[in-house]
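Here's what TrEMBL has on this protein:
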- 1-44: region 'Disordered' (REGION)
- 10-43: compositional bias 'Pro residues' (COMPBIAS)
- 225-259: repeat 'PPR' (REPEAT)
- 260-295: repeat 'PPR' (REPEAT)
- 331-365: repeat 'PPR' (REPEAT)
- 401-435: repeat 'PPR' (REPEAT)
- 436-470: repeat 'PPR' (REPEAT)
- 471-505: repeat 'PPR' (REPEAT)
- 506-540: repeat 'PPR' (REPEAT)
- 541-575: repeat 'PPR' (REPEAT)
- 646-680: repeat 'PPR' (REPEAT)
- 716-750: repeat 'PPR' (REPEAT)
- 751-785: repeat 'PPR' (REPEAT)
- 786-816: repeat 'PPR' (REPEAT)
Amino acid sequence: MEGTLFPSKPIYPIPITRPPPLIPPPKPTSTALLPPPSTPQSPPFSTVHFDSLLQHLLHLSSSHNINARKVTGSKYPSLRISADSSQKQLQPTKNGNLRSISVLEFDSESEECDGSFEFLSEKGKLMVNSILEQPLHTLTSFFDRSETELLQLDLTGLLKALDVTGSWQRALLLFEWIVMNLDVTNVKIDNQAIELMIRILGKESQHSVASKLFDVIPVEDYSLDVRAYTTIIHAYSSSGKYIKAVSLFQKMKDSGLSPTLVTYNVMLDVYGKMGRSWSKIIGILDEIKSRGLEYDEFTCSTVISACGRDGLLNEAKEFFTGLKSQGYVPGIVTYNALLQVFGKAGVYSEALRILQEMEENNCSPDAVTYNELVAAYVRAGFCDEGAAVIEAMSKRGVLPNSVTYTTVINAYGRAGKMEKALELFEQMKKSGCVPNVCTYNTILGMLGKKAQSEEMMKILYDMQVNGCAPNRVTWNTILAMCGNKGMHKYVNRVFLEMKNCGLEPGKDTFNTLITAYGRCGSDIDAAKMHEEMIKAGFSPCIATYNALLNALARRGDWQSAELVIVDMKSKGFKPRETSYSLLLHAYAKVGNVKGIEKVENDIYGGHIYPSWMLLRTLVLVNFKCRNLAGMERAFQELQNHGYKPDLILFNTMISIFAKNKMYVRTQEMLNLIRESGLKPDLVTYNSLMDMYARGGECWKAEEILKRLEESGGKPDLVSFNTVIKGFCRGRLMQEAVRTLTDMTSKGIQPCIFTYNTLVAGYAGQGMFSEINDLIRYMIEHECRPNELTYKIVVDGYCKARKYREAMDFISKIKSVDDVFDDQSVQRLACRVRERLES
């Protein structure tokens, strides 16, 4: 080795904070060694940063929720005015479609007024003006003071006047006060007032408020019209209270009222959201036909969307074909719904076929169409192709919207390509497309998984600058961050602060809580949240079951996971790809290959749709079980279905091939990476180094290390440890120490694995003097040897049949390493005696 005066004695790294000596010392002494930095194990993220993040979110939420307040002093404490309800807004649906059932289309008179309020008496007009002048938080006490006067007025007229002026919050507070006070006098509020209040809340999309209000007001005691019933049913549906929606629909029919097409459309939406309700949907369609009503585009699109939620691809296709055979001409909304079905499944080839059919039928694609095409690409693993659609849209005169960008950003985040996701986020803002709360939530979720609290605070600041209010999903994202062992108290704290900010937990919140508690290892709290969700009026859904499966998969409880799947099916739910994926991970956690094979047979046999996610999961779980044959078949099936493997899959395949020294197959994977337009990353290079190091080709491993550096990559501790291991196995200790020096010069400090590798290399060559020097150095610089370190040395002595020297070495351990425990010393001594007797 160049510069070494005594080749038998290696020269250890010199501290990078000092200039290297002109002539290296002839013998490795502890004073010449580089002290490793203090690197204590840190929690998943800094609690200090997390506290700051939480405070930042609290401030941002509070500033937007300044008008949010509980209605106090009444028998309805659960009512809360939504924080984002200061003005009516038509929000896009998840796929970007602005046409939503939240705007119920009834043929009724237009509520218009010239501001004269001729339907009110003079006293009534004065009262309306007085109500409008009062701050919201003083209204209840104002009503109490004006009780005598109020009860003498036309209360329904007052509600109508407040609605006309756009003061629906005041109308709600007045309505609640009226109900409370009329209950006291045993006088029922009239039907007209109730119908008006329902219409007001429906028009303002205040579904959560409406559902809570009519949880406590016995609707069945009033003779309401079809429109009122339909609006309440929709409010229940929008709040996730599907069972109540179904019950109210039946009560409406029992009362003798005939549902309109709008009512039926709402019920189709209810059953679609509930899931496992295909037979119910067919029943509604038959009922529509028997009543002589004609399907409209919303009817058709809702049915197809329901198929997409349950993964019923064939049913969606058959329903669509049946519509066309009956002379129905699909419109853009129906086509987009069909695209969504195949987009969710990642069947981009079918999505492209639908797009072609649209163009042939002169049905021009809109932004929603392209959004669904993007979703189809990314679900099949084609993130870059999905991003390319953004440019194609612009060329065709269709501007990408926030949904388009968010879909691709989310896909990059899931694929681990955070840099590309953030680049696209910046491109989105530069293009003039303003991020919405969904975009910000996606970025926050991506950063949260990496525990980048400081970067998350920057995103919250960006939300504040753009006037974007955090919503329940934002808080759910922070809750999900707490899903780590030891973070149990943070889950409770974030949940409490969320409610204090005026955000009521929804079904998604409860599902997030179940997952978070499961990750924290608190199964009792996870089960408790499941019970709390049901008490809150939310029905468990696929996401709820998946949250439970997630918790079970993390601890490898595949027996319980199987019972969850059985329970889902018994209750009419059809497990989705995520459900089966989590079941597979539960099997893999404990190496249950037979369980994996059982699901494999169902996938390959056509009983479970072979989506990109499931085939990808099969590759990963078989890797965990070191099942090469299972990995190869899953990878081949993924390619056969036209899906695109991501870099994680390629690296997984390379890793298993490397461990089995399958050089040809490894090269095939490298070629596929390049053909796919991807670039090898650090994991790829580390796997290649490991393959050559295992195969005794240590110089080839170092060549890969150099190639990584030449390509602009930055080797990590694993990279250098792997090359050091290769040289140690090749009995080239001076080259191993040279690599160690190179590593430390780049600011990468050795770990216990590094030192144990060197100890094993020296022991294999009987260089026990060098081992003693190295151990003293480790102790002096706070990288203490562990029991494995001493075991390697003892085994080296025994292999050389130097049992006396081994016992002598053991007897001196405590004098050198005073914190090494006595039980470990005794185990080492027993090990020598056993070897001596064998």
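Just so it is clear, glycine is given a Cβ too, placed from its N, Cα and C backbone atoms.
Helix, strand and coil counts from DSSP across the repeat 'PPR' (751-785) read 26 helix, 0 strand, 9 coil. Assigned with DSSP, the residues of the repeat 'PPR' (260-295) fall into helix, strand and coil as follows: 27 helix, 0 strand, 9 coil. Outside the repeat 'PPR' (401-435) by six or more residues, the chain places 92, 94-96, 367, 370-371, 374-375, 378, 381, 383, 386-387, 389-390, 393, 442-443, 445-447, 449-450, 462, 466, 468, 646-648 with a CB less than 8 A from a CB of the stretch. Taken as a whole, the repeat 'PPR' (751-785) shows an average pLDDT of 88 in this prediction.
Panel annotation: around the repeat 'PPR' (646-680), residues 381, 383-384, 415-416, 616, 619-620, 623, 626, 628, 631, 635, 638, 687-688, 690-691, 694-695 of the same chain, lying at least six beyond its termini, place a Cβ under 8 Å from a Cβ of the stretch. Here the repeat 'PPR' (786-816) has long-range neighbours at 752, 755-756, 759-760, 762-764, 766, 768, 771, 775-776, 778-779, 822, 824-825, 827-829, 831-832, 835-836, meaning same-chain residues at least 6 beyond its ends whose C-beta is under 8 angstroms from one of its own.
The list of residues near the repeat 'PPR' (331-365) in space but at least 6 beyond its ends in sequence, with Cβ under 8 angstroms from a Cβ of it, reads 95, 97, 99, 297-298, 300-302, 304-305, 307-308, 311, 313, 316, 320, 323, 372-373, 375-377, 379-382, 396, 398, 609, 611-613, 642-643.
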